[in-house]
Amino acid sequence: MAGGVVAIGSGSEQDFPAKLTLQVFICTAIAAFGGLMFGYDIGISGGVTGMDDFLLKFFPNVYVKKNHAHENNYCKFDDEYLQLFTSSLYLTAIVASGGASLMCKKYGRKPTMQAASIFFFIGAILNVSAMNLPMLILGRLFLGAGVGCGNQAVPLFITEISPPKFRGGLNICFQLLITVGILVANCVNYFTSNIKNYGWRISLGGAAVPAVILLVGSFAIVETPTSLIERGKKEKGLKTLKRIRGVDDVQKEFEEMVRATEVANQIKHPFRELMKKPSIPPMICGTIIHVFQQFTGINVVMFYAPVLFQTMGFGSSASLLSAVITGTVNSLSTVIAIFTVDKAGRKKLLVFGALICMVAQCTIGVILKKYLTETSKVPNSIAKVVVLLICVYVNGFAWSWGPLGWLISSEVFPLETRTSGYFFAVATNMLCTFIIAQAFLSMLCHMRAYIYFFFAAWLIVMSIFVMAMLPETKGVPLDEMVERVWKKHWFWKSFFKSSDIERPKAMVQLEHQEKPNH
């Protein structure tokens with residue numbers, strides 16, 4: 001799923017006094033509506049593609065296949081243009097996230113979030129008023145620009161205003177709002193599916209609501225101290241830091257932010273730094289975890305849940321109701337991660353989550369292989385078991401790979417390559433989401449029930465990778481990640497010859513300067 005976290009931190013996290021203030025809660029709640037925008041789009045696209053009025057207007061061939069009595073159950077929704085409707089958003093998101101990373105650095109997080117909401121609002125208006133397929137796809141492209149800007153700026157904003165010891169829980173709020181957006185979209189689809197001729201327009205137009213809330217709310221929130229400092233506004237940054245921390249004793253954290261920013265600002269080509277040997281371990285782990293996140297198969301469930309349920313023989317309303325159920329499970333299960341991520345650790349949650357997802361996927365595959373032929377419907381009692389298994393699968397994902405993929409990719413990069421490294425993480429996520437969204441219906445047509453074993457096999461691979469190659473980052477201060485994580489890992493330590501080798505000269509010089517006395 002979409003979402004993400006980038007944080008700026010220094011030293012030992014417990015050295016920085018801070019309270020969890022109302023200001024931080026308000027800023028987090030408003031900014032997290034960027035996640036709700038993304039989640040709403042994920043949920044709404046799958047719902048409208050199951051509505052007859054929508055299909056008849058934009059995808060008449062799919063409408064004919066869907067309602068043909070003898071059409072292959074696995075292939076009734078196989079259409080490249082229908083897949084393009086879902087997946088086109090993510091191509092634009094890749095490009096937009098690159099532009100947003102530059103905008104975040106030069107102009108700040110707030111303006112970038114505001115740009116995201118404006119793009120998303122324009123996309124919603126184009127979709128609700130679409131008269132033909134090109135206009136519909138154009139709207140999706142604007143939505144993609146909003147998603148790209150939002151996924152780059154919002155998590156960065158939330159983490160930078162969060163007190164370090166609450167960072168893990170607060171940044172998952174972004175993922176939580178994504179799941180809430182999916183649930184809201186499923187509920188909207190359920191009620192609009194029975195509205196003739198323009199029910200789908202209400203569903204697509206609903207995307208404007210979270211965009212407006214984010215745009216209006218953004219004027220009431222503060223800019224992050226890190227962003228202010230890196231743009232030369234140190235006095236305002238110090239004042240803002242005191243405000244969001246709820247204490248006056250913020251001098252040490254402020255000075256550490258200034259030092260970290262000075263190091264980062266001396267790196268003129270951060271993308272070039274990613275190509276150096278010490279950057280390879282975080283680059284591999286920070287990006288491959290997003291490949292794995294998408295190849296759990298979660299987005300095919302959330303994109304096409306109503307389609308999957310109709311494939312099994314549910315009616316349109318019943319399939320949308322089933323999607324509401326899975327969406328509810330998704331939201332409630334994400335809360336588990338908020339309270340366990342900083343206690344159990346990242347690796348344990350990822351491995352156990354993958355095992356639960358794998359068992360559920362294999363069981364679903366066995367059931368559909370036995371009961372769902374090309375023309376028959378799954379017996380009602382068996383179909384309910386499949387819905388239950390999908391809920392088990394969603395539960396396992398929601399407290400593991402959903403939020404933790406984004407969290408880990410934000411933690412593993414050192415400050416000098418954090419922005420550029422995070423862009424690659426976001427771009428990787430969007431690219432893999434595009435590939436899965438574009439290919440899934442065709443894969444379902446050709447692979448049939450075996451598609452669930454395909455994703456189950458990936459879950460085995462990613463579990464092995466996490467256990468062997470991914471270091472545990474729980475409780476490790478961000479600026480000590482290289483020394484305490486990468487240089488001590490059994491494999492990745494071979495990429496580091498000494499504490500200074502191949503590291504930026506500016507970084508080495510500042511690291512050897514005497515720290516200010518307090």
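Using N, Cα and C of the backbone, Cβ positions are placed for all residues, glycine too.
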TODO: Among 135-160, 317-342, find the range that TrEMBL records as transmembrane segment.
DONE: 317-342
TODO: Determine which recorded stretch among 170-192, 349-369, 381-401, 422-444, 450-470 has the most C-beta pairs below 8 angstroms with the transmembrane segment (81-103).
DONE: 422-444
Task: Annotated stretches the transmembrane segment (450-470) and the transmembrane segment (115-131) touching (3 or more Cβ pairs under 8 Å) - done: no
Task: Integer average pLDDT (0 to 100) for the domain 'Major facilitator superfamily (MFS) profile' (27-474) - done: 86
